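See below for the structure under consideration.
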Amino acid sequence: MTNIRKSHPLMKIINNTFIDLPTPSNISSWWNFGSLLGICLLLQILTGLFLAMHYTPDTTTAFSSVTHICRDVNYGWIIRYLHANGASMFFICLFIHVGRGLYYGSYLFLETWNIGVILLLTVMATAFMGYVLPWGQMSFWAATVITNLLSAIPYIGTDLVEWIWGGFSVDKATLTRFFAFHFILPFIITALVIVHLLFLHETGSNNPTGIPSNMDKIPFHPYYTIKDILGATLMILILLLLVLFSPDLLGDPDNYTPANPLNTPSHIKPEWYFLFAYAILRSIPNKLGGVLALALSILILALVPALHTSKQRSMMFRPLSQLLFWMLVADFLTLTWIGSQPVEHPFIIIGQLASILYFLIILVLMPVANIIENNLLKW
């Protein structure tokens, strides 16, 4: 008799995805982040659901309802901070996951990579709308500033912004629709994740060498289930340390002041995970140019497969590309820091140089380094 997990229509899918999946025997801990992202998504949906039970998407009561969750709801404070800091963990895992893909050439799985880029954009949109919901000063002004960027689009810009706002400024209509979208998008993300996995399992996983490993596969369970449990335990430990010891470490103090359209905060900035893109936006003195650079800072990932000129897939045996990759990581961290600083000397020039370097490394230096490395192979 066939085992039920191999014959039952539903169990068969789960079995082929998480149990009997043939997996390369040499994938390192950098491959843990996919499962960690899945755990983050589940955590965000669960905590978000419980928050939505007590939250009211109305400009007059939104701020008070968040305070009520923290003060009066049983364990409301921990649910709220798990949700807020869970988003930070989500983005840390996302950035590492994308970085892993860039380093080991996983972007050559085109369908998987492109769905991944769409996922990144969707998660960013969801996080942005979630940041608006507590209706604090930074929520309100971040919503005003970021949505206003669309007014840079020629001809239709102003109409588009007013259409998104549902009026002539960020108000009740904006908050209500942002709550609706913030609620529905995680389920769309879940659907995209399934498609992402579907495409990945068509080709099988990449591995650190970038060499096909079809002759050396092992079952996902028990080898990688136990490895993923270790990764998940460490991530949850870090998240709990953050939530229980310094829940506001990554937040903005301005968001503890109720939104006031008549009083602009001295320094408007988004959450830390958007600061790199925000720094690129601010480094260009022209509004439309800044918006284009902002969009390109993420969409450039979709171009990476087309810029791959190397004969080798992974960077494991390519020292020049490795150097450029770690320069890109350092540049990303520099941009994140610059985004949190006020617009004054020397931060302006540092931001401009870091922005130029960001695009230069990806569009020019990496492909050139690949060609040089190809020629070095002939020696």
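All positions are counted from 1 along the displayed chain.
Note: Cβ is positioned from N, Cα and C throughout, glycine not excepted.
Note that the structure is predicted; figures quoted are calculated from it, not measured.
Taken from Swiss-Prot as is:
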TRANSMEM  33-53  transmembrane segment
TRANSMEM  77-98  transmembrane segment
BINDING   HIS83, HIS182  heme b b562 binding site
BINDING   HIS97, HIS196  heme b b566 binding site
TRANSMEM  113-133  transmembrane segment
TRANSMEM  178-198  transmembrane segment
BINDING   HIS201  ubiquinone binding site
TRANSMEM  226-246  transmembrane segment
TRANSMEM  288-308  transmembrane segment
TRANSMEM  320-340  transmembrane segment
TRANSMEM  347-367  transmembrane segment
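Feature annotations (Swiss-Prot) mapped to structure.
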residue	record	Cβ neighbours (10 Å)
HIS83	heme b b562 binding site	21
HIS97	heme b b566 binding site	20
HIS182	heme b b562 binding site	21
HIS196	heme b b566 binding site	21
HIS201	ubiquinone binding site	14
For this session: Might you confirm whether the transmembrane segment (288-308) is in contact with the transmembrane segment (347-367), defined here as three or more C-beta pairs under 8 A between residues 6 or more apart in sequence?
Result: yes
Seminar exercise, completed: Here the stretch out of 33-53, 77-98, 226-246, 288-308 with the most C-beta pairs under 8 Å to the transmembrane segment (178-198) is 33-53
Problem set entry | Residue pair HIS182 (heme b b562 binding site), HIS196 (heme b b566 binding site) - Cα distance, angstrom, rounded | 21
Seminar exercise, completed: Comparing 33-53, 77-98, 226-246, 288-308 for Cβ pairs under 8 Å with the transmembrane segment (113-133), the winner is 288-308
Exercise. List, by number or range, the same-chain residues at least 6 past the transmembrane segment (77-98) whose CB is under 8 A from its CB atoms?
Worked result: 30, 33-34, 36-37, 40-41, 43-44, 47-48, 50-51, 66, 69-71, 116, 120, 123, 127, 130, 235, 238-239, 242-244, 247, 250-251, 271-273, 301, 332
For this session: Would you kindly give the Cα-Cα distance separating HIS201 (ubiquinone binding site) and HIS97 (heme b b566 binding site), rounded to the nearest Å?
Result: 17
Exercise. What is the separation, in Å, between the Cα atoms of HIS196 (heme b b566 binding site) and HIS83 (heme b b562 binding site)?
Worked result: 24
Problem set entry | the residue listed as 'ubiquinone binding site' and HIS83 (heme b b562 binding site), distance between Cα atoms, whole Å | 30
